[in-house]
Amino acid sequence: MKKVIILIFMLSTSLLYNCKNQDNEKIVSIGGSTTVSPILDEMILRYNKINNNTKVTYDAQGSSVGINGLFNKIYKIAISSRDLTKEEIEQGAKETVFAYDALIFITSPEIKITNITEENLAKILNGEIQNWKQVGGPDAKINFINRDSSSGSYSSIKDLLLNKIFKTHEEAQFRQDGIVVKSNGEVIEKTSLTPHSIGYIGLGYAKNSIEKGLNILSVNSTYPTKETINSNKYTIKRNLIIVTNNKYEDKSVTQFIDFMTSSTGQDIVEEQGFLGIKT
């Protein structure tokens, strides 16, 4: 009987301890850009190992989905690969840059051109140029692999290229016959499977595209590397930002943001093929 009482006491103590731990555990839910998934996945893996009382999660559904989720209290932090809109700032969104990225253009293996001008690139994206022959390639229709409109990459290309080259709103629109996919990985996969195709991805995915046998284009005779991006020779580049709302910030949120911008966090950014803010 005495042994049974001791066993019950030990089980009760264990359950009480576990419940207390669960009550004390802070959940930091993050949502946003698919581009930064490799960075966030590795950061979270390392952070969760050294912070027993905090569990960080990442839901890569796109920059706009992440920011909307922040305002709707689904996420405590959003990660965006596009700039905040005026409306988002007015709603209380606050940004912190934690990395830099460039958008690079990849083509299927049979496209042998190595360089393209910004103007011709923009004309491919809006449909003014329809055949590879018009830019020195084979006589074949151009198949364009595009991102969905909630993607930060989609918005960034529109701002950095289409709006830069074209003067009217009508011209600065993506062509309607693009094949729409939801992530950088899907762009690489679709481009590898679709003859005579072109798509765009983040710099951190360059190695993956090369492994698939795809070509990376120089733009205005400049190949995208960390050096040409840092020196502003390659100009199709953007900030990767942490988005918070002052109304919902707490200590667990600020601690993870501090980790992201720390030397350890920045090493992870570089390891994943992107550019750190302290580069």
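Just so you know, the numbers here start at 1 and follow the chain as drawn.
Just so it is clear, glycine is given a Cβ too, placed from its N, Cα and C backbone atoms.
Note that the coordinates shown come from a computational prediction; the quantities given were computed from them, not determined experimentally.
Residues or ranges marked as signal peptide in Swiss-Prot: 1-18.
For Cys19, the entry in Swiss-Prot reads S-diacylglycerol cysteine, with the evidence type sequence analysis.
Per Swiss-Prot, the feature N-palmitoyl cysteine maps to Cys19; the stated evidence is sequence analysis.
Taken from Swiss-Prot, the feature phosphate binding site covers Ser33, Thr34, Thr35, Ser63, Ser151, Gly152, Ser153. According to DSSP, Ser153 (phosphate binding site) is assigned to a helical segment. In the shown protein chains, 27 other C-beta atoms lie within 10 A of the C-beta of Ser153 (phosphate binding site).
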Ser63 (phosphate binding site): secondary structure state under DSSP, collapsed to three categories: helix
Sparsest-packed of the listed binding-site residues (Ser33, Thr34, Thr35, Ser63) - C-beta count within 10 angstroms: Thr34
Residues Ser33, Thr34, Thr35, Ser63, Ser151, Gly152, Ser153 [recorded phosphate binders]: greatest CA to CA distance in Å: 9
